[in-house]
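Chemist: Pulled from TrEMBL, these are the listed features:
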COMPBIAS  1-13  compositional bias 'Basic and acidic residues'
REGION    1-112  region 'Disordered'
COMPBIAS  26-43  compositional bias 'Low complexity'
COMPBIAS  44-75  compositional bias 'Polar residues'
COMPBIAS  93-104  compositional bias 'Polar residues'
DOMAIN    214-363  domain 'DUF6536'
TRANSMEM  218-242  transmembrane segment
TRANSMEM  262-284  transmembrane segment
TRANSMEM  323-345  transmembrane segment
TRANSMEM  483-505  transmembrane segment
TRANSMEM  571-593  transmembrane segment
TRANSMEM  692-711  transmembrane segment
TRANSMEM  742-761  transmembrane segment
Amino acid sequence: MEPAKVSRDEGDVSPRNQSPAALEHISTLTSSSGSGPQTSTISRPTTSNVSRRRQSSLSRPGTSATRATNRQTIQWPFMHGGVPEDAEETGLGSPSSQQPLTSNRARRATWQHAKRESTATLLDFVPDYIINYLRGETPETLARKREKQNTPDPEDVAAALKQRFGPDGFFDNGSTVSRLDSVASHDDVEQMLGHEGGWSVRSARGFWASLDGWRGGIAVHVAIAGVILLTTIIFFVIAMALEHGGKSRIFEGSCDAAQHLNFGLHVAINFFIVALLFGANYTFQVLSSPTRAEVELAHAGQKWLDIGIPSLRNFKFISKRRAALAAILLVAAISTQVIYNAVIFTTKFVPAHNILIVTESFSNGATFSDAADSNAVGLQWLEIQALQELASNGRLTRLNVADCLEQFSGPYQTDFSAVLLVADNDSQRSSLLQTALPSSPLTDLVNARNPASVTFGADKITSCLARPADVTATVCAVDTNDAVLGAIILPVFVIIAASVAILAIQFFSPLVTLGDALGSFLTLEDKTVRGACLLTKADVQQGRWASIIHQAQYYIPTNHMWARSVSLRRWAIWAVIWAALVAFVSALLGIALQSGDGFANPISGLFSDAKASHFLVNPNTAHAALTILSSLPQLLLACTYLSTNALLSMYYLSNELSLYAVPGASLPLRVSSRHPVGAQTSSLYLSLPRPISWLLLALWVCLSLFLSQSLHPVVLSFRPTTSGASNLTPDRLILAPDPTSLTIVLVLLLVVAALVLILGLRRADSRSTTGEDGKPMGNPLVLRAGSCSAVLAARCRRLASDRDAAAGMLGWGVIREGRGGGDFGTTGFSSIGVWRVDLEKGYA
C-alpha cells in the first residue's frame with residue numbers, strides 16, 4: 001500500500017522561526033538504504049485537517065500505516081517534547097500551511113512504520129534513542145541543536161525570505177510573509193532594540209547577565225545609592241568629631257578659596273541627588289506598573305491602567321502595599337533634593353564698624369562724656385578719643401547724608417571701620433550724643449522717610465564722617481549643618497530599602513515595558529477586548545468599550561505628531577510646574593539685577609565685596625532653617641524632572657509601538673525580563689532610551705547645581721575693629737540671589753522646553769496605510785492621548801497557529817481577511833506575515 005502524502009498549497013511560504021510545537025507537526029518519509037531517494041512533502045496541518053483526521057479515525061479502522069503513525073509513543077530522553085499534531089488550538093483560525101526553514105527534525109523515540117514492508121530496513125525497527133547513542137549524541141548536544149534550529153541565524157533567515165516578499169513588505173496575492181529588512185527609521189529601531197540588536201545572547205552567565213531587565217536596573221541604582229549612603233555616613237562621622245555648636249568647620253581662609261571649595265562640594269552633592277532622583281523614579285515606575293492580574297481586574301470593571309510610564313493613576317488599581325511603597329520612595333527622593341543642598345553653607349567674617357552720633361563741636365575737640373546715657377553700647381573712651389583726633393585733623397572721609405545712608409544701611413560693608421553722624425545740636429554737656437550697636441543699619445537708627453531731612457530724634461543729620469578700614473584680606477569659612485547631614489541618612493536609606501524590597505519579591509512580574517505588555521497579551525488573550533481590535537482610548541474614556549465589541553471598526557487616518565501621544569491633563573501638569581519654576585527664577589533674577597551690581601562670577605561673585613541684593617532673615621533663625629529655606633526651589637525642579645520624564649517616556653512608548661506597523665517591520669519584543677525568550681531582547685532602560693536619559697541627567701545636574709547657587713545662604717559674623725573690644729553684634733543671616741546662576745538656570749529651563757516641544761513636533765511613520773494616490777495616511781498603532789492598557793490589549797491579536805508569536809520577530813497589520821456577511825477581518829501581530837490595513841474595510 002502506498003504511503004499517504006501530505007500536499008502543500010501553492011501560496012505557502014516559510015515562517016521566520018519554527019517553534020517546537022510547529023516541529024511536532026512535521027511528517028517526513030525516510031528513504032531506504034537499499035532504494036533510491038524518495039521525496040517528501042512537508043506541511044503544518046490546519047484545524048480543518050485535524051478535524052478530518054479525527055473523523056476518519058472514528059469512521060474506519062486504521063491500516064498498519066495509520067496505526068503506526070497514531071500509536072502512543074514513549075517520551076525517551078532524546079525525544080523532542082513538542083505538542084502533538086492533534087492538539088487543540090485556540091484563538092483565530094490557522095493561516096495557510098507553513099514550511100520550516102530547515103529540514104532537520106527531531107528524531108522520534110520509537111520507530112514509525114511509514115513505508116512498505118518490502119522497503120523497510122533494520123534501521124526502521126531500531127528506536128532513535130539507540131541511534132542517537134551510537135552516534136555519540138547526548139541530551140545536551142541535541143538540545144543545543146534544537147535551540148540552533150529554532151533560532152536560526154538572522155542573516156540566513158533574511159536571505160531565505162527576501163526572495164518571497166512583495167515590494168512593500170505586506171501580503172501580495174500569493175505572498176504571506178512580511179519582509180525582515182524593515183524600512184523603518186534605523187535610529188528608532190536601534191534605540192528600541194538597544195545594543196544587542198534583534199537577537200538575545202544566551203551564553204552570558206554570572207553577574208553581568210543578571211543586569212538585564214528592570215531588576216538589573218534597580219540593582220545598579222541600589223549600588224549607586226549605597227555608595228552615596230556610605231559616603232554620607234563617613235562625612236557625618238567626621239563632622240561629629242569636629243562638631244561645635246551644631247556645625248562643623250570644613251575650611252577657613254580666603255574667601256576665593258572658600259567659595260571654590262563650596263562650589264566643588266555642591267557639584268558632588270548635586271550629582272548625588274540627581275542620581276538618587278533618577279534611580280527612585282526608575283524604581284517608582286516599576287512599582288507603579290501593573291501585573292497582568294491587576295490589568296484583568298481593571299478591564300473587568302471597564303477601567304484601564306497606564307503601562308510603560310511612571311503613573312500615580314495606577315495607585316487605585318495596584319496592590320496597596322506597593323502603592324504605599326512607591327509613594328514613600330517618591331517622597332524620600334524629592335526630600336533628598338532639598339536636604340542635601342542644605343548641608344553646606346558659608347560664613348563670612350566682616351568688621352563691625354562703630355557708629356557714633358556727635359555734634360558739630362565734636363570735630364573741634366569739644367568735651368564728651370562716655371557715661372551710659374550717651375554711650376549705650378559702652379564704647380571704650382580711647383576709641384572715642386582716637387576718632388575725635390582723626391576728625392580734628394581732617395583725616396576722616398566726609399560723606400553727604402544720602403551717600404552715608406546707602407553705604408551703611410546694607411547687611412555689611414568693609415570700606416570703613418567707623419562712622420560719625422553729625423547732628424544739628426548745640427549741647428554743651430557732651431559733644432557725644434549717643435552710640436549704636438556696631439554695624440547696625442542706619443535706616444534702623446534714623447528717620448529717613450524724608451530724604452531731604454534725615455533726623456535722629458529731634459536733631460537733623462547734616463553730614464557723615466567715616467574712618468577708612470585697614471586693607472586686610474577678608475576671611476570666609478565653609479561649614480556643615482550636622483543635624484541636616486545626619487537627617488539625610490534616613491531618606492537615602494528609605495530609597496535603598498524600598499528598592500531592595502521590590503528585588504526581594506521573587507515572583508513579581510509587572511508589565512513594565514511595552515514588550516512586557518505585548519508579550520503577555522499575545523501569549524494569553526484579553527477576552528474583554530476581543531472583537532475590538534481597533535479600540536481607541538477615546539472609546540474607553542467615553543464609555544463605548546462594550547458597545548463596539550464585534551462591531552466593524554474603521555481606521556480613520558491622521559498624521560500623528562508625538563505631542564498628541566500625551567494626554568491634555570499630563571501636558572497641563574508639566575506646563576504648570578515648568579511655568580512656576582520659570583516664574584520664580586525670573587522674579588528672583590529681576591530683583592537681583594534691579595538692586596545689585598549686575599552679573600559676576602557665579603563661584604565667587606557674591607563675596608567680592610560688591611553691593612548685592614539680599615533678603616535679611618530673622619537673626620534668631622537656626623542656621624539649618626536658613627539653608628533649607630534656600631533649597632526649597634529644588635522641590636519645583638524635582639517635580640519638573642518627574643513630569644518631563646513621564647512626558648518623554650510617553651513619546652517613546654508610542655513611537656516604539658508604531659514601529660511594528662511600519663511596512664516591512666520585523667522586530668522583536670523588548671522585555672524587562674532577565675531571561676528573554678526566542679528573539680526577544682532585554683535592556684536596562686524601560687521606555688525612555690538611554691541617550692535621552694543621559695541628556696536629561698546632564699541637564700538636571702547642571703540645573704540643580706546652578707539653582708543651588710542662585711540663592712546663597714550666608715552667615716555674616718561680625719568682628720570688633722577695636723583691639724580688646726568684645727563682640728556685641730550678633731550674626732546676621734541673609735539669602736543673596738546670584739544673577740549669573742539665575743540666568744544659567746533660566747536658559748537651561750528653556751532648553752528643556754525646547755527639547756520637549758521639538759520632539760513633540762516629530763511625526764510618526766505614517767506609511768502603514770496609504771491612499772489611492774499612494775500617499776501615506778497614518779499609523780494605527782500610535783497611542784493618542786496617553787498610555788492605555790485596554791488599547792494595547794486590543795491590538796494584541798494573533799493567529800492560533802502563531803502561538804509562539806511573542807518569541808518571534810513581529811509585524812502588525814491585518815492577520816485575517818473578512819469573508820463578508822458580517823465576518824470582518826482582524827488586525828494583530830504576527831511572526832508569519834500581515835496585510836496592509838484597508839481604509840475602506842471594517843475590522844473587529
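Cβ atoms here come from the backbone N, Cα and C positions, even for glycine.
Nobody curates TrEMBL annotations by hand; they come from automatic prediction.
Keep in mind the model is a prediction, meaning the values are calculated, not measured.
Each of the listed features needs to be described in terms of its position in the shown structure.
Modeler: Helix, strand and coil content of the domain 'DUF6536' (214-363), in residues and according to DSSP, is 101 helix, 24 strand, 25 coil.
Among residues of the same chain six or more beyond the transmembrane segment (218-242), those with a C-beta under 8 A of the stretch's C-beta atoms are 210-211, 248-249, 272, 275-276, 278-280, 282-283, 286, 480, 482, 485-486, 488-489, 492-493, 495-496, 499-500, 502-503, 684.
Non-local neighbours of the transmembrane segment (571-593) in the same chain are 563, 612-613, 633, 636-637, 639-640, 643-644, 646-647, 707, 710-711, 737-739, 742-743, 745-746, 749, 752-753, 756; each lies 6+ residues outside the stretch with a CB under 8 Å from one of its CB atoms.
Within the chain, the transmembrane segment (742-761) has long-range Cβ neighbours (under 8 A, six or more residues past its boundaries) at 561-563, 566, 574, 578, 581-582, 585-586, 588-589, 592, 599, 602, 640, 644, 647-648, 651, 695, 699, 702-703, 706-707, 710.
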Chemist: Given a Cβ distance threshold of under 8 angstroms, which distant residues of the chain, six or more beyond its ends, lie next to the transmembrane segment (483-505)?
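Modeler: Those are 215, 218-219, 221-222, 225-226, 228-229, 232-233, 235-236, 239, 246, 276, 279-280, 283, 286-287, 325-326, 328-329, 332-333, 335-336, 339-340, 342-343, 624, 627-628, in sequence order.
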